[in-house]
Amino acid sequence: MLSIGSYTLDSNLLLAPMAGVTDYPFRRLCRQYGAALATSEMLSADVSLWGSKKSRTRIPQQQEAAPRSVQIAGSEPQQMAEAAHASVQQGAHIVDINMGCPAKKVCNKAAGSALLRDEVLVRDILQAVVTAVNVPVTLKFRTGWSVSNRNAVTVAQIAEDVGIQAIAIHGRTRADAYRGYAEYETIRQVKMNVGIPVIANGDIQTPLDAAFILDYTHTDGLMLGRAAWGQPWIFWQLGEFFKTGELPAQPDVYTRSQVVLAHIRAIHDFYGEETGVRVARKHIGWYLDRMTSDPGYKQRIFSTTCSNNQLAAVNDALGIIALTQY
Ligand SMILES: Cc1cc2nc3c(=O)[nH]c(=O)nc-3n(C[C@H](O)[C@H](O)[C@H](O)COP(=O)(O)O)c2cc1C
């Protein structure tokens, strides 16, 4: 079983942190379907920004089930330490450090995977955060900053050395951004060279991908990001596949419709009318992309700015799609 510090997780399947996606409603849904951990969207290490409307929705929600993992991004050790401390005060059970984001800058400073170039700074940041809090600290990073500079093994060893409790690695370099395919050889090398739990991430789309990557890398867990868009039940499907060896069908169209409607309602409740309708569009689009190739449904649903009308339009669309599938 995968453990992070004192937390033993219910499974080895994790939801990847994704800014603009893994808000509280989506994290809760994925966890209901078997994601054992769902890290928050990244928060800037500059805590003076946490009062903004956007950041307020990103700080941990007290009603969220344990363990709550909060991700912070920044480049100054002292600032990261303060952000980690503040995260714990706000209810984080685990602090996750972002060294995986390919954006050049977070709040006008080098951050995310750009930091991987400077291993001394990496050590200073990790050390500062681990020292600042008495909860487990985890690290999410990429295989390196370019194909000719894959330093993930060194970074993982630094992480283990300073007391990081688990690492998640996306099998791309910073220079790759999201192009091409993830590679798992570097992740396999990392697993062979550290004793802390290692979680593989990148392009895990199906149960067969998951089985192959686990078998190849021998990692302790798998982290899925984009594969959960529009199908949070993928965690349940993967879990069933690992238990039984059978490829399970997705939930029937009625169950999926109920999940979609409940998810949209949760988004409306969490963000309020205006932002809720806007945020929900993204998820509605992903659900529909997986159910139909007809763009007409989205056009009708996206034209409304009222939450009740949005729900009604989605309900109608799902009803028609269900009929066409029987
Ligand atoms: C829209 C989007 C937002 C992301 N935001 C974050 C983030 O806030 N923190 C982070 O560590 N990674 C972030 N990532 C990277 C994902 O966590 C993950 O590493 C990447 O998508 C590869 O996994 P996948 O192929 O399963 O999607 C983001 C990715 C996407 C597509």
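Even glycines carry a Cβ here, placed using N, Cα and C.
Listed by TrEMBL as binding FMN are P17, M18, A19, K140, H170, N201, G202, D203, G225, R226; the candidate from Q71, Q89, Q90 that the record includes in that site is Q71. Annotated pair A19 (FMN binding site) and C101 (active site, proton donor), C-alpha to C-alpha distance, rounded: 10 Å. Between the binding-site residues K140, R226, the minimum number of other C-beta atoms within 10 Å of a residue's C-beta occurs at R226. Here the Cα atom of N201 (FMN binding site) is found 13 Å from that of C101 (active site, proton donor). C101 (active site, proton donor) is 15 Å away from R226 (FMN binding site) when you measure Cα to Cα. Note: the Cα of K140 (FMN binding site) and the Cα of C101 (active site, proton donor) are spaced 9 Å from each other.
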